[in-house]
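A.B. asks: Encoded as structure tokens, here's the structure I'll be asking about.
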Amino acid sequence: MWATCTVLVVAEMQYALHSALSLRIWWALNLVISGATFASDILRVTDRHLHPGSHERFVTITQLVAFGPALFLGLAALFEPDTPSDRAYAAQPLLAAPGDDEVEPPARTSEATASIWSRLTFSWCSAILAVGSRRSLEHSDLYELSIVDGTDYNSARLAAAWRKEMASGRKSFLRAFHATFGAFFWKTGAIKLINDGCNFLNPVFIHTIVSYIAGERELTNAEALLCALGMFLSNTVLSMAMGQYFWRGYRLSLRTKVAVGQVVYQKSLSLDHKERQNFGTGAIVSYMQIDAAKLGDSIPYLHVLWSGPLQLIIAVSMLYSFLGPAGFAGLGVMLLMLPLNLVIGRKMGKLTAATMSQRDKRVKLTNEVLQGMRILKLFAWEEPMLAELLHKRDTELTQVRLNMLWSGLISFLFTATPVFVTCSTFVLYTVLGHKLTAATAFTSLTLFNLLRFPIIVIPMMITRVVDLTVVNKRLSKFLAAPERPVVSVDVPPPSADGGQSRGRATSSTADVTADGSTISSAEPLPYDGLFASRFSPASGVAAIELSACEFKWPAVKVDSKGAASSSAASSNNRAATSSTLVPDELMDGEDASALPSTLRQITMSVPRGSLVGVAGPVGSGKTTLLMSMLGDVPRVSGRAVVRGTLAYCAQEPWIQNTTLRANVLFGMPYVAELYARVLSACALEADLQALANGDETEIGERGLTLSGGQKARVALARACYARADIYLLDDVLSAVDAEVGQHLVVKCINGLLREWGCTVIFATHHTQWLSLCDQALLLSESGEIAQLGPPAQLSLPKNASMTSLASLGSSASLAADVEPSLKSLRRQVSAGTSAVTKVLAAKDTKKSVGKVIAAEERERGTVKRAVWLSYLSALGPPTVSLMLAVYALSQTLVMGSSWWLGRWSADSYPHLSQGQPWFYMGVYAGLSVIASVTIFVRLLVMVFASLRAARKVH
């Protein structure tokens, strides 16, 4: 045994999990075994019949002496703090705004160093509970998250298991899930087995102790004391095992939800265009939220599938041993109630769905009323809309009432079933000629209470298993769907800065494709394919290569009513003029493949550090060209190569509901000098001065406090701060005036980004700025390249949708006008940076008046007396009095039936019963039936009282 312990300790050292945890568990178990034999060893030593010099006496004394070290080592093992390694527990980044230095890091979780006893009793939570007892807990009071509970760790494990599952050809999501979390799941199952074993020790101890008290069984004082001690220990272990079981179950549930959600999200980013359209945005969101929630919520109770039948077998066997055939009467009542519970459960599901539907309609109308309040006021529509809103509320309350009535019926059956079970069992037991004793009665009651949980929960878990099979099929199909065929060029080329790219450390991690295909950058690339690399190419090497490429947006599916698929519609809205709506029946036919491509015969090479301007008529495919470089437009043919990290600015800026600084940093670390330079280049100095709290001003939902030009410049600043290798700018000047546009071109696009050596693809309708580009590309209305080359060599036609260079002046004169700005670029940028720095320094002296959305208020401490009184007033004093009276009556009757059961077993009224059980049986049945009726009445009163209060309060 000691050799086994040594092997476990060495294994722990090898895998760097814990410091001698196995040894401490060994010492604790050794203390338990030594303690179990300690009393018998003392009795044996004091036995007069044992010879003083015998070998047996010597061994017994040795064991008694060894109990001292065992006690010391066992207590030390139980209470010694754990010493986990960094692999077992590691800090996670604080959830705070980027660059917020005022937020203190969270405290290291006490669970990391908790002893065995602390883990069993959850005393490692005592510190935070003590803080919560003194004041309301804040986010800063919480412990840091351990790495084993983090999203990155669990999603990476699940993704690796899924890749192995794909390689094996089985493609079953639940297999991959079991490979990831199976060990933790079955260890939790072992704790469940201990919990169930302790559950069934209680009836044995109760029967023994009650029989001893009633004089039906003879026990010595030591044996009676051991029975009481055993009952105490079994309940203690039961409590600890139950706590650990649910703690581990809900912990695994949380890990499941975050892992599944992250894996599905990562898959959606690399999904093939056609598959993304087939699934749709709604389905993908459903996988991330609903399916992940179904799987996670089922985890804590899945062990009931094997634990429930095991409990049923053991409980029925024990009932038969105590009651004989009468024990099956109570089981029969439970089984008869089971179909009724299933029918009511299905009805409850339908009513819940109807209630949620009515609630969604009411909430939707409420949101519409709030958002359109100005129009309602202008047209004086308050009264009609209020009447409509109240009608929606009344309809919802009608559904809520039905739902609560059926819920009350379920609660009634759950509460009344034990009454029916015990009544039928004891009646049959006495009818069969047996005398009911206290030991038999109370032991049977304990066993029936144990039977109630598995009988009710097993059908629910069967339903959940059916749901999980559906979830498995859905997630397996989604995760096995084809991905975009992007081949990763994973070898970084040599660079002049020693393998660094403008201050960013290069990474050897490559993009992993669906088939895991990679290709070295030193190898010649095939003619056909889409190739990408995270590493910037050497100077003079093409950052973007398009060779005879043809791109085509997938046709948007439409249903019979003409509604487009949500995912396709949202993606194609960015290039709406290039998309085509076709019926479902044409999607897989020849007509769909025969649709014209959006871009055709696109051949261009963009060296690193070049500035390329893209122009063309509206709908010619400028946005599609940029998005094809991102990989968001399906490639039909040709070779496309993109080398380096990408930053994309869309025509419609995407703004977060947070501060301006957080929008610009976007999770990256705050560097004051870089931040100031970016804001200056993006013409945000004046905005910082105008905003109430500088860059700490909250922008609000969808950028409601900013103009269109401001939102465009914030989005451009976010892209610049990312320090990418390639910038794809989609008409970023359309929302700004001419002066600001010149500032952005001179100081940012042709200034800061030029200085950093970035490759910039610049799509615009302001063709006067094409003269500053190294190359200009003009697209025709058919999606082909009309002209490509240096701007001075291009001949731009005039048309209604595009202003030519000729109408705005020659390229030479424009370049001459801009040249002074270019020469003084460094001086202007330096002055602008200094101005931004002063504004950022001055913002610390301002008050925090820039909050658009105030923090949600919450009450602290206990619920105030006024709240209770207001709710009691809404319920109504007569109703409250009736509820209390009915509740007191029902509880009195339930306790009275148990009291009468004790009188029955003791035959306390022999002059009334006359040796027959019918007197006791009739009283017990009457009390049970009246108790059940009062329970149902109590539930009805609570339902109608709650609805009445809801109408008044809301």
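Any Cβ shown, glycine's included, is placed from N, Cα and C.
Feature annotation from TrEMBL assigns transmembrane segment to 26-46, 58-79, 224-247, 312-338, 409-431, 868-889, 918-945. The domain 'ABC transmembrane type-1' annotation in TrEMBL covers 193-467, 882-954. Sequence annotations record features per position, and here TrEMBL assigns region 'Disordered' to 489-517. Annotation comment: TrEMBL describes 503-517 as compositional bias 'Polar residues'. According to TrEMBL, the domain 'ABC transporter' annotation covers 581-807.
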A.B. asks: Can you break down the domain 'ABC transmembrane type-1' (882-954) into helix, strand and coil residue counts using DSSP?
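C.D. replies: In the domain 'ABC transmembrane type-1' (882-954), the DSSP-based counts are 65 helix, 0 strand, 8 coil.
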A.B. asks: Residues of the same chain, at least six outside the transmembrane segment (868-889), with any C-beta under 8 angstroms of its C-beta?
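C.D. replies: Residues 934, 937-938, 941-942, 944-946, 948-949, 952-953.
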A.B. asks: Below 8 Å between Cβ atoms, which of the listed ranges 58-79, 224-247, 409-431, 918-945 makes the most pairs with the transmembrane segment (312-338)?
C.D. replies: 409-431
A.B. asks: Quick one: mean pLDDT on the domain 'ABC transporter' (581-807)?
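C.D. replies: Value for the domain 'ABC transporter' (581-807), mean pLDDT as a whole number: 82.
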